[in-house]
Amino acid sequence: MNWQHLQAFVWLRWRLLANEYRRAGALNALVMMVVMIGALVTAIPAFITCFIFGTYLIPRATPIQLLYAWDGVIVAFLITWSVGLLMELQRSDPLSLSKFLHLPVSANGAFLINYLSSLMRLSLILFAPVMFGFSLALVYVKGISLLPVLPLLAAFLLMITALTYQFQGWLASLMSNPRRRRAVIMTATTLFILFFQLPNLINLLSPWGVQQQANRSADLSKELGKLDRSFKAKEFEAQEYLARQVDVLKKHKLANEQFSRESKDLGEKTARLLNMVLPVGWLPLGVMSAAEGRVLPSILGLLGMTLIGAVSLWRAYRTTISLYQGEPTNRKGRPAPEPTTAPLGSTRERGPLLLEARLPGLTEPVSAIALGGFRSLLRSPEAKMVLLTPLITGVIFGSMLWNQRHATPEPFRPLIAIGGMLFVLLGMLQLAGNQFGFDRDGFRVFVLSAAPRRDILFGKNLAFAPITLGMSAILLVAVQVLCPMRWDHFLAIVPQFISMFLLFCLFTNLLSIYTPIYIAAGSLKPSSPKLSIVLLQLLMFMVFFPLTQAPTLLPLGAEALSKFLGWTQNAPVFLVLALAECAVVILFYRVALGWLGRLFQTREQLILETVTNRAR
């Protein structure tokens with residue numbers, strides 16, 4: 001391996017990364033450059049600081065506390081490492097290994113250069129000095145018995161970097177197809193979000209005995225209340241009352257202490273088990289075992305992580321050799337299949353395609369735009385990524401709702417359903433609020449079309465209706481199952497949702513007309529938007545979004561007011577007013593859509609220049 005080649009390719013990786021940040025905006029590039037320089041400058045001070053704090057804290061720490069400390073460091077490192085990997089996946093100009101082979105570099109040299117240059121990551125620069133300083137502090141304080149920590153740390157870093165390098169090589173072959181590339185990015189981002197939501201979901205399920213502790217506190221309050229009522233009824237004297245009160249509090253304190261000990265033991269057993277099962281936990285487990293005087297777990301962890309890293313590097317090397325030998329392109333093609341002809345007696349006709357269908361009661365342009373937009377939402381990976389946001393949020397808040405299902409008063413339960421609809425609308429805002437930006441060059445079709453501009457807006461709104469109202473219906477059924485509402489409230493939520501969606505469509509139409517932003521293909525990031533457009537979007541969201549949704553709360557508020565004043569008790573005021581409001585909103589939507597269509601026609605050339613990236 002040539003040292004000059006390594007220097008050149010390390011510089012090239014940093015240059016590509018800097019270009020990516022620069023394209024995202026000057027401010028973003030400046031911030032990231034400051035962060036990188038700060039990380040490089042603080043590497044040595046971070047090492048010294050961790051060593052000093054380690055020598056002060058380690059003598060007081062037990063082996064299980066060392067396990068927890070290393071677990072925390074590794075979790076933080078893996079989070080930053082995963083974020084960097086996701087950013088690497090979304091780069092539009094990756095440093096492909098196949099490009100190396102056109103240069104005067106051997107296959108072995110190309111492999112080593114690409115692997116070593118991939119180690120220059122911000123997360124590794126930040127955490128390697130911290131972990132190394134912590135390891136040296138362990139050896140300095142505990143003595144030679146903790147010496148296995150250093151090879152354990154090296155094996156851990158080898159395992160993580162080798163697995164990442166192999167994973168990136170595998171993804172590179174998958175992402176050669178642009179459509180598959182977007183699908184891979186969407187899947188990786190979704191799994192990343194779900195993985196880091198697991199602790200929240202687990203905590204909501206209360207495996208730590210939070211509910212049992214709350215039940216004990218409730219039992220204590222009931223017992224003290226019963227004791228207080230008995231004393232007021234003069235069933236016993238004040239001295240006996242104080243003695244019984246002290247006895248109850250003492251029993252409660254002993255129960256809490258017993259529960260704390262059991263929880264601590266359970267936490268230690270769970271931590272030991274997880275660190276034993278997961279390879280990323282073998283480093284903390286080896287540190288704890290060495291601190292306890294057991295060397296065998298440290299040796300096994302060292303061998304296991306080294307073996308995983310070596311196997312990953314070997315498989316990645318085999319991929320390099322196969323690429324160098326041209327195996328992916330030298331495979332013999334399969335013989336062409338013989339042309340098949342339909343049987344003469346076949347009378348089965350091909351069913352109509354989705355885009356060829358005609359929605360009843362709508363004109364042909366509206367039907368075509370609605371079905372085309374709906375198909376685009378179903379096929380676009382970036383749209384799927386946005387659409388997963390309401391589902392993930394629904395799962396999280398559904399778990400919270402499950403824990404509080406008995407504590408929610410009946411009059412407030414419709415507000416939970418309305419809040420769920422608001423979360424769905426907010427999740428759709430990134431797509432619906434810039435609906436022309438995701439059309440990109442396809443927006444020329446609308447400009448050249450003879451269809452009325454109000455029909456284009458109407459078709460765009462209808463494209464979002466099945467997904468938005470469908471997710472809202474799922475949330476409504478979930479709320480009804482978890483926190484049952486009155487039947488009239490349940491029925492009133494349906495026209496309530498329709499009113500909220502139509503007003504939301506008017507708001508997003510206005511937002512898309514006045515603040516279009518170019519979105520690069522396969523990405524959700526705006527491409528260098530103007531500051532004025534961003535500020536206008538923020539202002540419109542803060543002002544117009546609440547104004548469009550606040551009137552939909554009037555029917556429920558009117559029912560609560562009439563019940564408070566004693567005019568009605570169980571009359572379906574909310575249902576009647578929600579139906580009337582829905583009819584008014586539909587009429588208002590029809591009138592406002594004509595005005596928005598005329599506004600759209602006056603600004604369509606400006607929108608075209610923006611969404612096709614010709615405004616630069």
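Glycine is no exception: its Cβ is also placed from the backbone N, Cα and C atoms.
Among the features that TrEMBL reports, region 'Disordered' is placed at 326-347. Here TrEMBL flags 29-54, 66-87, 124-143, 149-171, 183-202, 295-314, 385-402, 414-432, 462-482, 497-521, 533-554, 574-596 as transmembrane segment.
Contact check: the transmembrane segment (533-554) against the transmembrane segment (414-432) gives at least three Cβ pairs closer than 8 Å, residues 6 or more apart, which meets the contact criterion. For the transmembrane segment (66-87), the most Cβ-contacting stretch among 149-171, 295-314, 462-482 is 149-171 (pairs under 8 Å). Tallying C-beta pairs under 8 angstroms between the transmembrane segment (497-521) and each of 124-143, 462-482, 574-596 places 574-596 first.
Same-chain residues lying 6+ beyond the ends of the transmembrane segment (124-143) with a Cβ under 8 Å from its Cβ atoms: 39-40, 43-44, 46-55, 58-59, 66, 69-70, 73, 76-77, 80-81, 149-150, 153, 157, 161, 287, 290-291.
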